[in-house]
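Over in TrEMBL, the protein carries these features:
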type: REGION; residues: 48-83; note: region 'Disordered'
type: COMPBIAS; residues: 49-68; note: compositional bias 'Basic and acidic residues'
type: COMPBIAS; residues: 73-83; note: compositional bias 'Polar residues'
type: TRANSMEM; residues: 221-242; note: transmembrane segment
type: DOMAIN; residues: 222-432; note: domain 'Cation efflux protein transmembrane'
type: TRANSMEM; residues: 289-313; note: transmembrane segment
type: TRANSMEM; residues: 325-346; note: transmembrane segment
type: TRANSMEM; residues: 380-400; note: transmembrane segment
type: TRANSMEM; residues: 406-425; note: transmembrane segment
Amino acid sequence: LRCQAAPLPRACHGWQASMKSVSLSYILPSNRLPVQLISQVRVYTSNGQKKDLGSEDTNRSTPEETPHKVGTGQDTTNAGQKQSFVKEPIQVKVKAVLKKREYGPKYTQNNFITGVRAINEFCLKSSDLDQLRKIKRRSPHDDTETFTVYLRSDVEAKSLEVWGSPEALARERKRRKEAEIKYRENLFRNQRLLWEYKEFFGNTKPRSSAAAMFFKGPGKVVMVAICINGLNFFFKLLAWVYTGSASMFSEAIHSLADTCNQALLALGISQSARTPDPSHPYGFTNMRYIASLISGVGIFMMGAGLSWYHGIIGLLHPHPIESLLWAYCILAGSLVSEGATLLVAINEIRRSARAKGLSFYQYVVQSRDPSTNVVLLEDAAAVLSVAVAATCMGLTSLTGNPYYDSVGSLGVGTLLGTVSAFLIYTNTEALLGRSIQPEQLQRLTELLESDPVVRAIHDVKATDMGMSKVRFKAEVDFDGRVVTRSYLEKQDIEQLLQEIQQVKTLEELEAFMLKHGENIIDTLGAEVDRLEKDLKQRNPDVRHVDLEIL
């Protein structure tokens with residue numbers, strides 16, 4: 001048995017009684033095993049003295065030795081075997097480890113807390129925090145590099161000093177919670193009071209960004225469509241009252257549905273401009289998709305449904321149609337106005353698609369701008385439905401058969417149903433959170449993998465949140481050597497070497513490792529922030545990045 005290790009400066013209790021008086025050859029079950037036995041054992045006692053059992057007095061005997069001295073010559077054979085063994089000492093090495101510290105199920109002594117949380121959760125004032133230790137930490141926000149935090153233990157001690165006891169602090173928290181609930185219950189009344197006194201704000205109130213959105217881009221397209229479709233509905237309604245044409249009634253309903261849906265789109269655009277709040281941390285961008293989805297449902301129920309209903313009634317109960325001259329004039333005017341709105345929507349989509357590097361078809365199918373998409377499809381359907389209505393009314397006036405007019409109403413309803421189905425599908429896909437294009441995802445992946453601090457990335461997900469906002473998530477395997485080298489490059493190596501040479505005890509080693517270990521973790525966090533910043537700078541569509549350390 002050969003154990004190569006360094007001897008211990010402490011006793012190995014329990015070996016003296018078993019090995020001092022009994023030869024190892026008697027302990028083994030067979031004397032012919034191909035093992036080099038050891039005839040000299042070093043034993044360390046509690047006082048640090050070393051004893052060599054192989055050099056002990058052979059005349060000394062114990063009760064355990066007596067049975068082996070009396071026998072059939074077995075001692076002579078064993079003695080001969082002992083002479084052939086190589087004398088090697090048994091050396092035992094025990095690894096010195098740091099005692100594990102038990103933190104318990106809840107440990108918050110080293111936690112940091114911001115000033116806002118300290119004031120809100122511990123019922124303190126800002127003047128109370130001035131007396132506490134201030135610690136500068138790396139900021140999680142993009143607009144600031146560092147921010148001030150406090151030790152949670154210091155804040156808890158200060159709160160007990162201010163309020164006197166945990167019971168008094170709990171009563172104050174309860175009182176503030178009740179006041180907050182009462183304020184929320186009276187929120188509507190408070191908003192009415194603010195509305196009544198809004199003249200006192202004057203020019204100090206910031207200008208609403210929602211109003212400015214209706215003078216450019218999709219907001220401008222929607223406002224133009226609302227005005228034109230409103231006028232078209234009014235004149236088509238007059239033409240239907242005068243002629244009684246089923247196709248003209250379908251056109252009037254179509255224009256009314258377009259006007260209502262585009263008003264809903266305007267509401268969605270204004271709501272999407274709201275700033276994020278604690279209840280909606282990612283903002284209200286999806287309000288455009290929600291409004292477009294409701295608009296598609298409205299087109300199907302109000303436009304297609306009523307057109308089908310009126311066309312079926314015309315087929316079941318046909319009646320003669322009066323002069324269609326005014327109807328043709330109104331349809332011609334509607335064709336011009338709807339065509340103008342369609343051109344405005346087409347130009348806006350072309351400009352936006354060119355800016356994103358997409359084709360016109362890709363931009364529409366991917367529903368990059370739901371509001372403009374609705375206007376485009378509604379106006380395209382309006383132009384086609386005007387052509388269908390005019391054709392069927394012309395056949396009715398030439399043949400005198402009112403069934404053609406009813407068939408035209410059914411055709412307009414089918415066209416509106418197709419448009420509404422497309423809008424419902426594209427907006428539902430956008431709300432579900434679909435992945436970005438594979439080419440764009442590949443660019444983001446290559447950017448991360450080309451960085452020296454990254455070994456590999458796994459479980460990559462990139463979701464289109466709508467309106468050209470992408471959320472990127474990945475599990476990142478960081479190279480610890482590169483991170484440590486990045487930390488060492490910012491240190492004074494000579495001073496670091498002196499600190500290492502001054503380490504003599506386990507306590508000094510622990511303090512040294514804890515100090516630089518925490519700094520290396522901070523360096524790793526800085527590397528994560530750098531990677532997130534690079535992703536956002538090189539890909540403006542990426543708004544939210546979640547890199548998880550593997």
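Here the Cβ of each residue, glycine as well, is placed from N, Cα and C on the backbone.
These figures come from a predicted structure and were not determined experimentally.
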Worksheet, complete the sentence: For the transmembrane segment (289-313), out of 221-242, 325-346, 380-400, 406-425, most C-beta pairs under 8 A are with 406-425
Discussion item. Can you tell me which parts of the same chain pack against the transmembrane segment (221-242), counting only residues 6+ beyond its ends and a CB-CB cutoff under 8 A?
Written reply: 214, 248-249, 251-252, 255-256, 258-259, 262-263, 265-266, 269, 322, 326-327, 330-331, 333-334, 337-338, 340-341, 344-345, 348, 371-372, 375, 378-379, 382
Worksheet entry | Cβ-Cβ under 8 Å with the transmembrane segment (380-400): same-chain residues at least 6 beyond its ends | 229, 232, 245, 247-248, 250-251, 254-255, 258, 320-321, 324, 327-328, 331, 334-335, 338-339, 342, 407-409, 411-412, 415-416, 418-419
Practice prompt. Six or more residues out from either end of the transmembrane segment (406-425), which same-chain residues have a Cβ under 8 Å from its Cβ atoms?
Written response: 246-247, 249-251, 254, 257, 292-293, 295-300, 303-308, 310-315, 318, 373-374, 377-378, 380-381, 384-385, 388-389, 391-393
